[in-house]
Structures are given as C-alpha cells and as structure tokens.
Amino acid sequence: MSLSTTSGFRLLPGRLSPAAQAALLEEVAAGLADAPLVRQATPGGKLMSVAMSSFGDLGWTTDAKGYRYEPRHPITGRFWPQIPTILTDLWRELADPEVPPDACLINFYDADAKMGLHQDKDEADFRFPVLSVSLGDTAVFRIGGLKRSDPTTSVRLSSGDVCLLAGEARLYHHGIDRILPGSSRLIPGGGRINLTLRRAAAA
Ligand SMILES: O=C(O)CCC(=O)C(=O)O
Ligand SMILES: [Fe+2]
C-alpha cells in the first residue's frame, strides 16, 4: 500500500539544510533551558517514553485530567518560550500564509522511545495542518488512515525532513515505531527531536 499524496500527506525530505538544522537545534536547546523536557503521564497513568516541552502561546500537556493545551509549563509554571522564527517562516510558506501557529510541540526520543498510533485532535480547527520537522536520529514513522484499523505505511523521517498532515491526512492515525540510534550526529549524545507546529486555538 502506498500513501497517496492526494490524502494531504506531504513529505519534504531534506527541506532543512545541515546549517539550518544546526541553527534550529541551538534555538531548541535555548528554549529547553527555559522550558525543560518532561516525561508526562497519559490520563490512564502510563508514563510516556517521549519527553516533551512546547513553544508558543499554548503547549500540549497530559495528566490524570486528560490531554489539553495549556499556556504554562506543567512543572515550572512559566509561559512557554516563543516559537523560533525559522519555524514560523516555514509555517507561513508551507501551511498558512496568514494565520500563525500558536503551538509547537517538542518531542525528544531517546534510543528506546516511541509513540503509539494516535490522531492529533486536541486542536480547535482541523483546517489548519500539522507541520512536522525532524532533527537528529531517523525515525520509523507509521501512518494509516481515518480509522485506527485502516492499513498503514511506514515512512522514514530523517534529520532535516519536513512533513505536513493536511487535508484528509490531518486526522490520519500516525505514530513512531522506533528510532534508529546512531543514524545522525546532529544531537550530541544522540536521540531525535521532533517539532510539530499547530494551530491549537480557534483562529
Ligand atoms: O515524532 C513524530 O514524528 C510525530 C510526533 C507526533 O505525532 C505528535 O507529537 O503528535
Ligand atoms: Fe501526532
């Protein structure tokens, strides 16, 4: 089964040059110094293997009360750092020329982390795409369809790759099966960072 581009899924391999990746990584590291990565628990009480933080007006959080967007970091209580301009520029070019993203989720995967099949549906308006940027080790990304039981395709996301979940694919199930440790030298100590730009609140 191959993933139709008419679904609204778009992969732009190597969209960010090595220099742009390094510059973005520096901005992410500066943001994480202010809003540290946290391993959060699902509403069901399971600790996620991915460590997370956010940039923007809203950040994604999860705890016993559920999944939601919050204006402040769950541990520090501070507002989230601003979304780096490299990312808002990409959004303007590839996602929406007028309405800016108000959330950028930061996921850090170590060699053992993964993310189960899910839909991104905590946002107010699915007309806006999710724009994803990958840095560091390659990930084995799985994407299916609107139904959890739909057939899935495996796509590798490498450092500098950008992908869009737009149109019908905006609500396709997706997840990360595994990381390929040692596949990139961008992040000191290894691992993968995924950044997803979103419009969480109504525009
Ligand atoms: O890490 C990725 O490439 C996907 C992340 C994701 O699906 C999410 O944050 O909702
Ligand atoms: Fe997702």
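Using N, Cα and C of the backbone, Cβ positions are placed for all residues, glycine too.
Note: TrEMBL annotation is automatic and uncurated.
Copied over from TrEMBL:
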- Trp60, Tyr67, Arg68, Tyr69, Asp122, Arg148: substrate binding site (BINDING)
- 100-201: domain 'Fe2OG dioxygenase' (DOMAIN)
- Asn107, Phe108, Tyr109, Arg192, Ile193, Asn194, Leu195, Thr196, Leu197, Arg198: 2-oxoglutarate binding site (BINDING)
- His118, Asp120, His174: Fe cation binding site (BINDING)
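Counting only same-chain residues six or more apart in sequence, the Cβ atoms lying under 8 angstroms from the Cβ of His118 (Fe cation binding site) belong to His173, His174, Gly175.
Counting residues per DSSP class in helix, strand and coil order gives 5 helix, 45 strand, 52 coil for the domain 'Fe2OG dioxygenase' (100-201). The Fe cation site, placed at the center of the C-beta atoms of His118, Asp120, His174, has further neighbours from the same chain whose C-beta lies within 8 angstroms: Leu117, Gln119, Lys121, Leu165, Tyr172, His173, Gly175. For Asp122 (substrate binding site), the same-chain residues lying six or more positions away in sequence with a CB closer than 8 A to its CB are Trp60, Tyr67, Arg68, Tyr69, Ala200. All protein chains considered, the CB of Asn107 (2-oxoglutarate binding site) has 23 other CB atoms within 10 Å. Residue pairs drawn from Asn107, Phe108, Tyr109, Arg192, Ile193, Asn194, Leu195, Thr196, Leu197, Arg198, the listed 2-oxoglutarate binders, are separated by up to 20 Å at the Cα level.
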